[in-house]
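Here is what TrEMBL records for this protein:
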DOMAIN    21-362  domain 'Acyltransferase 3'
TRANSMEM  26-44  transmembrane segment
TRANSMEM  64-86  transmembrane segment
TRANSMEM  107-128  transmembrane segment
TRANSMEM  156-176  transmembrane segment
TRANSMEM  188-206  transmembrane segment
TRANSMEM  218-236  transmembrane segment
TRANSMEM  248-268  transmembrane segment
TRANSMEM  280-302  transmembrane segment
TRANSMEM  314-333  transmembrane segment
TRANSMEM  345-367  transmembrane segment
Amino acid sequence: MRWIGPSAIAADLTVEGRRSAGLDGLRGLAALSVLVFHVWLYRVGRPKYDHFAVMDHVFFTLNLGLLCFFVLSGYLLYGSFVRAAVTGGQRLSTRAYGKKRFARIVPAYYANLVGCLAIYALSGYSHITPPLRQLPVFFLFAQNFSLSTMMQLNPVAWTLCVEMAFYIVLPLIGLVALRIGRRGSLQALLLIGLVAIGCVWNVLAWDHGLSEVWKKALPGYIGYFACGMLVALWAERRKAFGRVPLRPFPTGIIFLAGVVLVVVDAFWREAPMTLQSLHAPFINLLASVGFALVIAAVVGGTGRAARATAFRPIAALGVISYGVYLWHLPLILALKEVDLLPHALVPRIGVVLAVSVIAGFLSWRLVEQPAIRWAHRRVVPSDQVLAGA
């Protein structure tokens with residue numbers, strides 16, 4: 001992937017300072033699954049949420065790719081915090097952390113908001129264009145706090161609001177981890193507690209019929225981030241104790257167990273309502289644990305399973321996945337409005353994937369890479385202990 005640029009600048013998915021093709025591949029698969037889900041969801045001639053065939057159920061479950069992003073974020077961002085805690089090494093600079101988070105997320109998101117307004121105006125699509133007075137809410141990542149702004153302008157951006165809330169809370173969690181120090185059982189208990197908070201929040205939201213404002217708040221998703229954070233704790237403790245990578249057989253077992261959990265969760269989501277009601281308070285937790293196990297196999301194992309997600313085209317898609325994720329749905333809506341999308345599903349997926357990859361590549365090269373370079377120039381040497389993600 002020589003077209004990407006210097007890895008020291010590009011590295012937002014790292015294992016010991018190097019880009020991990022396996023993690024890039026996971027992000028690429030997550031972006032692809034969400035893209036295909038939205039192509040299916042906004043298909044022609046069928047109500048959005050009706051399921052008519054087995055394949056409709058399959059396509060609907062592809063939105064589980066969203067969870068993979070959350071679990072990956074938990075793993076990647078918590079690694080630097082927990083490394084300092086379990087090794088007693090240099091503490092992290094919150095200033096460096098803030099600069100890198102800003103550079104990685106905000107410029108591309110702002111460019112996308114402006115782009116959404118432009119392509120909606122050009123295509124005549126106005127169904128989710130907010131009034132001018134509400135635009136500042138979107139630039140503040142605050143659209144999830146009101147039903148009138150949630151899922152407007154760019155519907156997929158609701159996940160960025162959750163991510164941004166996690167970025168704000170994470171240094172506080174890291175501070176608690178530093179207080180705990182090398183005591184692995186307490187470190188794990190801290191993160192399991194976050195999973196419990198997420199479960200309790202979802203139970204309350206489900207039982208009391210709370211609105212999407214409550215259901216899309218960080219507490220409902222913190223458990224998914226924590227699944228990735230547990231992998232970071234496991235990986236950093238293994239390195240601290242000088243453990244060698246897992247052999248191919250246990251790596252394969254862990255990887256397969258993760259895939260099975262994701263599939264079971266997908267089946268449970270599409271099961272009859274009597275089973276769904278049991279699942280709802282703990283929604284998506286099985287899949288999150290499954291994704292965490294897959295990540296553990298990729299970062300801590302060897303053999304074919306550890307390389308299973310490193311297929312070069314998918315890994316390349318993972319590098320530009322943030323832009324692909326931001327742009328694919330606005331492009332679907334605009335192209336559908338002017339009737340430029342094929343009606344058949346497979347060609348439709350091909351067209352959307354092609355234009356989204358172009359948009360994602362341009363976002364990466366013109367916005368994201370320059371912003372990352374800026375952040376690295378602004379971080380002083382003593383701050384370099386903090387890895388961007």
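Please read every residue number as a count from 1 along the shown chain.
Here the Cβ of each residue, glycine as well, is placed from N, Cα and C on the backbone.
In TrEMBL, annotation is done automatically, which means it is predicted and not curated.
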Long-range CB partners for the transmembrane segment (314-333) (under 8 A, at least six residues beyond its ends), listed in sequence order, are 1, 4, 10, 13, 21-32, 34-35, 38-39, 42, 69, 104, 108-109, 112, 115-116, 119-120, 123, 125, 127-128, 154-157, 341, 352, 355-357, 359-364, 367-368
Other same-chain positions with a Cβ less than 8 Å from the transmembrane segment (156-176) and lying at least 6 residues past its termini are 34, 38, 66, 69-70, 73-74, 77-78, 81-82, 84-85, 92, 94, 97, 101, 105, 109, 112-113, 138, 141-144, 150, 190, 194, 216-218, 221-222, 225, 229, 325-326, 328-329
Averaged over the domain 'Acyltransferase 3' (21-362), the pLDDT of the predicted model comes to 93
